[in-house]
């Protein structure tokens, strides 16, 4: 059975998303360029504040990983390998990016990561606007096909003023630009906005390919290149691969037999995606393997599969790992407890939302959310993995009122605050709060699971208000 877009609908009345309505009311008067300039200034101020804070406070503002990567960059300048720095477990590209920290100023790396914060916002703006335009045209085409007036759809380019793609795209980008958590994390020197940019770029190219007749194959191949590069930077985008692959299929995978048929007999576009991904991933990885050898493969990739972090973190499994910290190997039961629920949810979400490009953004967001929530190690930087993708889905969360949205956000923040208190007492006061942290990790897991269920429940397709007089 071929894929259908019949799930998109047009209504005579536009139910403006409550979450978007107030945001656009407050932000619509400013141009997108003005929002970008304001956000740039805010991030520069945070970088300057961070330098002052590090000098005057016992709790550093700068991320410890930023210092690790800077040390790795110093080893590169000396002709060595960044992996000579203990705990350096990133792509060598991160060390290369922070070489100016040594040559120019220690804050240059923060400026670069903050710049990619801005690039992510631009990409969010472009992608959301594209999605709305594509969905509106498809909806109009589906309506007119019932009346035999398909040609009229080519001349229709109007939506309700409150639902203009530019306005909603601007509000979505502002959700990222003015999010204090994302701004603080990038200005602390975390590079996850750099990898997030290429994750969103791959999604954008896949969505764009559906709206382009000429050059669509090149867009899909380029999406594969971006996806392969994102996997090189961070392993987690690898788990988006199934959704990307399924969205390019010409038929639905309703059962195991259909899925195996797609794997054994992929479409031409699926082959292009796989080819682009493999070329980028293996070329870059092979290049650095020739430079740094097996140590690079182990530290940057394999280590993360055997990692046992007994330091405090948000993970549900923190206390389990702490209590078994002296064990040389993880038991089979422990591995199953950690991997089985996560794997089941990833497969379920990929098949449920990944087979249509109009639901691809929500699928990728949900996958990232599950990966972080169920991961054996969770730090605040990991939240960027899904916070960068959430703005792409805001227009589809129409039934969430502003009050409820703030309540959800407040509960999510409360879970972190309750965890941070025992974590602070452990880190800086040397109190024995391991069990307390473990309990708060369970609470935070339950909060995130509840929020994911509510977001899936409220997810819906965009509705558009159509001027029927202009159509007929």
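Just so you know, glycine gets a Cβ as well, placed from its N, Cα and C.
Per TrEMBL, the feature transmembrane segment maps to 30-52, 111-128, 219-247, 268-289, 332-351, 363-385, 405-426, 433-453.
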Original post:
the transmembrane segment (111-128): which same-chain residues, six or more beyond its ends, come within Cβ distance under 8 Å?
Top reply: 32, 35-36, 39-40, 43-44, 47, 97-98, 100, 165, 168-170, 172-174, 176-177, 182-183, 186-187, 189-191, 193-194, 196-197, 200-201, 203-204, 207, 361, 388, 391-392, 395
Subject >> Ranked first among 30-52, 219-247, 332-351, 363-385, 433-453 for CB pairs under 8 angstroms with the transmembrane segment (405-426) >> reply: 433-453
Original post:
Same-chain Cβ contacts of the transmembrane segment (433-453) under 8 Å, 6 or more residues past its ends?
Top reply: 312-319, 322, 366, 369-370, 372-373, 408, 411-412, 414-416, 418-419, 422-423, 425-426
Subject >> Positions whose Cβ lies under 8 angstroms from the transmembrane segment (219-247), at least six residues beyond its ends >> reply: 91, 93-94, 192, 194-195, 198-199, 201-203, 205-206, 208-209, 212, 253, 262, 266, 269-270, 272-282, 284-285, 301, 304, 346-347, 349-351, 353-357, 360, 363-364, 367-368, 371, 385
Subject >> Cβ contacts under 8 Å made by the transmembrane segment (332-351) with residues that lie 6+ beyond its boundaries >> reply: 239, 242-243, 246, 253, 259, 317, 320, 324, 363, 366-367, 370-371, 374-376
